[in-house]
Each structure stands twice: as C-alpha cells, then as structure tokens.
Amino acid sequence: MVPVVALVGRPNVGKSTLFNRLTRTRDALVADFPGLTRDRKYGRAEVEGREFICIDTGGIDGTEDGVETRMAEQSLLAIEEADVVLFMVDARAGLMPADEAIAKHLRSREKPTFLVANKTDGLDPDQAVVDFYSLGLGEIYPIAASHGRGVLSLLEHVLLPWMDDVAPQEEVDEDAEYWAQFEAEQNGEEAPEDDFDPQSLPIKLAIVGRPNVGKSTLTNRILGEERVVVYDMPGTTRDSIYIPMERDEREYVLIDTAGVRKRGKITDAVEKFSVIKTLQAIEDANVVLLVIDAREGISDQDLSLLGFILNSGRSLVIVVNKWDGLSQEVKEQVKETLDFRLGFIDFARVHFISALHGSGVGNLFESVREAYDSSTRRVSTAMLTRIMTMAVEDHQPPLVRGRRVKLKYAHAGGYNPPIVVIHGNQVKDLPDSYKRYLMNYFRKSLEVMGTSIRIQFKEGENPYANKRNTLTPTQMRKRKRLMKHIKKSK
C-alpha cells in the first residue's frame, strides 16, 4: 500500500509550499472533487525511488472554537487517512493558541505526528523553535519550504522509516546487462530471461472516476451481482476491497474503491467517494478503467484524475458510460469533444458502453488484456537498439554546441509502464521535441497500445571533468623552469 502523508496546520504556515515542493508541481495532481472540502489537495510524490501520496489540508481557523469544527470537517479526515502527519507551524510568527489546540487534537490520536517548523530561513533554528517544544510532540524539524532547506533531512528522518514496504527500484549494471544480451544474441543463443511470467499473474483492475458516473453499476455488471460487496476490510476508511474473479479463462483482481456498498444505504458524498482509495487503487493496479459520464462530458476533475493515472504510469482504458438514450447528434458531439480534449493520449482505447443495460461491457476485457500485455512485454536489448538506430537514421538528432548528439544503445529499464533507457553522449541536451519523437517512434515500432512508454537518457561521465591536471615531479620542474624563462623575457 502506498503510504499517505498529511500536512496539517494553521493558514499561511507554508503547507501548500511544502506540498508543491514534495509533488514537484505548482498545483495538486488531483483536483477538488464534488462532495469533498474544496481546499484539500492530493498529489503524488517520491523520495529515493519510493512513492507516497501527499495531502495538503486547508488552513484551520485561528480560534480554538473554530478548530473543533474545521478538524471534524476536513483535517481530521486527512489525519485518519494518513500514515504520517506533518504538523506545520510558523517559526516567524511563533507559538499561537491555534497551534496548541491543533496539537491537543493530534496528541489524542495514535497517528505518528512530527512537528515541522517552517520559515526558519534567516533565523537561528534552535532559538526559533524553542517555544514549540511546549506542544509536547517531541523533536522539531526546522525547514524553509520556499527554498527547500531542511526538506531532504525531513524526508529521510520522517518518511523513509515508514516506507519499508515500498522498495526502491533495483540498481543494476546496465552496461553489463546490455553486453551480456548482445553477446548471447550474436552467438545465436537466447538471451537469459528472469522467472517472471506476467501471464501467470492475475490482472489487477481498478475502476475509477468521479461520483455518480456509474462505477458501482459497472462493477456490479462485471461481477454479475446486485451489489458489489456487503463487507469491508478492517482498518481505516482508506481500505479498498480486492475481489478475485475469472473471465475467459483469465484471472483478474477487481479493486473496489467504493467500500461498503449496499444500495440505498449510503447518502454522504464523502463516504461514497474517497480520493485516497482512488489514488491508492491506481498505484496498486495494472490497468485502470477511467469511467466518464457521457451526459456530462469530460470535466476538469476527469482530466486531473487522468493526469494522476498517466504520472503513475498505469495502463489505461477509457470508458464512456451512459451512452444509451443519447441521440445520434449528441453522440457525435461527445466524440468530437473527446477527440479534442483527449488527443494527447491516443494510445488508450475508448469504449462507449451502458453499464446499466450491459451493452459494450464485454468488449472492455479485450482492451484490458491488450493494455496489460503491452505494458509487461519483454523486449530484447538488440531489438530496442535497432529501433533506436532506425529512428536516428530517419531523423538525426540536432547539433549541440556544434557537435551531433550521439545515441549509442538502448535497453529495457522496467515494465508497467515500459521504460526504455538510451545511452549516449550529450543526451541531456536533447530538446523535448526530439525526446517526444523517440517516444512515439518506439511506441509505433513496438505496437504498444493501452500504455505509454517512458524514455530515460543516460550519459557517460567524463572521468576528467572538473579535475585539474596532475603533473609528475619531472613535469613540475619543467613547468617551473618555463615560468622563470617567461618572466625573464618580459
């Protein structure tokens, strides 16, 4: 399960600044959803190759009376969803009554909480945080979120201990892997393969979308039942339900983010739709079905959720629900809108269905299998290098400082999503347009469908870069005599 970190504190203590720095963006990856407090943001972040979800809660009112209400409305929900809470205070403003009230609430929870003193730039950190020890939350971590000072230390001391279950990417000797495969292929031998067989594993399938777009109806239709489930896994409200199923002799695990879902029992919009459940289901899935309401069209929330799916690198199938009952004219308008707003993801299949009546639902699984097979397909180093060579022959890389960028070889760097690692000289100077050209060339050459391809570039380091020449004693004596001769000639 992907860890969840909540940022809590008074207004203007720097929560959004820290959120943007952690998620490396200037806004939330997933925008506000109907039924949820508007000023809560959700984003995807990473530290040392380990992923986590960050929640930016709105500022809590500055009065003790207001704290109780606002905590119940939004911040308390974020705390319950989180694995770790970062309680932020303003070192410049000093200790405030609202800080004490918030700390009182946090101490009553058994949630790991860490006190972060922001805006310590230009101050003596030890002196600036001394008053906050009275909050009784242990060690204080001074940072300057706007400049990034102390943020890395905060991540290492707070987040990494809670991420043992999310292992970083394995480091391999990529050059050795390349030459081993190349030599084996030149000798007519089969390249060594690992024991991983993606076809032997069930496909984890997540159905996500905004409230009331028909996710539960589609889930019921797939399972052939009148209800999704009448029980939930024990734990917090962010637990999702994993439902094993089989279709056409292929095993699946359906990830249900709806929680307890007896029809007519749930009326609270927040209870119906949990952003955290959705984000964690996306991270855990192999293939994501993004459900869109044909009658409402694509909203900004749909695009924000789509952005999170793409950033997570998951395979994607777009499902346009409630297609029945629309006139032909309206259907054409919907298709034109889809082409216009989703033109940047031409690799994803789009299905028009009616989950209520079942039309088109059976065709979804063909696209799901296609997307899964594309994302887990093993491609040899020799083939990737040949494709790279053909791409270079069709369109040469640009000149950088008068020299042509040289691409040497390519190999697989990961799967789900497929990652192609290209080694060469001056590859860091390649323009984005040429990188997109290479990505599209690989996708078309490999006939990848339902998943994006990521291209990573690695450049050989110059061992003499930023190093002064070291002279032998004989060379030093010659240099000394030469310098004396130059001075005399002047």
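Cβ coordinates are placed from backbone N, Cα and C, and glycine is handled just like the others.
Per Swiss-Prot, the feature domain 'EngA-type G 1' maps to 3-166.
Swiss-Prot lists 9-16, 56-60, 118-121 with the feature GTP 1 binding site, giving sequence analysis as the kind of evidence. Around Thr120 (GTP 1 binding site), taking its Cβ as the centre, 24 other Cβ atoms fall within 10 Å, counting all chains.
For 203-376, the entry in Swiss-Prot reads domain 'EngA-type G 2'.
Annotation comment: Swiss-Prot describes 209-216, 256-260, 321-324 as GTP 2 binding site. Note on Asn212 (GTP 2 binding site): other Cβ atoms within 10 Å of its Cβ, all shown chains, come to 15.
Residues or ranges marked as domain 'KH-like' in Swiss-Prot (evidence: sequence analysis): 377-461. Residue counts of the domain 'KH-like' (377-461) by helix, strand and coil are 32 helix, 26 strand, 27 coil (DSSP-based).
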(request) State the three-class DSSP label for Asn12 (GTP 1 binding site), counting H, G and I as helix, E and B as strand, and everything else as coil. (result) coil
(message) Out of Asn12, Thr57, which of these binding-site residues shows the lowest number of other CB atoms within 10 Å of its CB?
(response) Asn12
(message) Distance check, please: Cα of Asn212 (GTP 2 binding site) against Cα of Thr57 (GTP 1 binding site), rounded to an integer number of angstrom.
(response) 25
(request) Report the nearest neighbour of Gly209 (GTP 2 binding site) in space among the binding-site residues Asn12, Lys15, Thr57, Thr120, comparing Cα positions. (result) Thr57
(request) Measure from the CA atom of Lys215 (GTP 2 binding site) to the CA atom of Thr57 (GTP 1 binding site) and give the result in Å, rounded to a whole number. (result) 27
(message) Give me the CA-CA distance between Asn12 (GTP 1 binding site) and Lys215 (GTP 2 binding site), in Å, as a whole number.
(response) 37
(message) In the three-state scheme derived from DSSP, which category covers Lys215 (GTP 2 binding site)?
(response) helix
(message) I'm trying to understand the geometry here, so how far is the Cα atom of Thr120 (GTP 1 binding site) from the Cα atom of Lys215 (GTP 2 binding site), in Å to the nearest whole number?
(response) 46
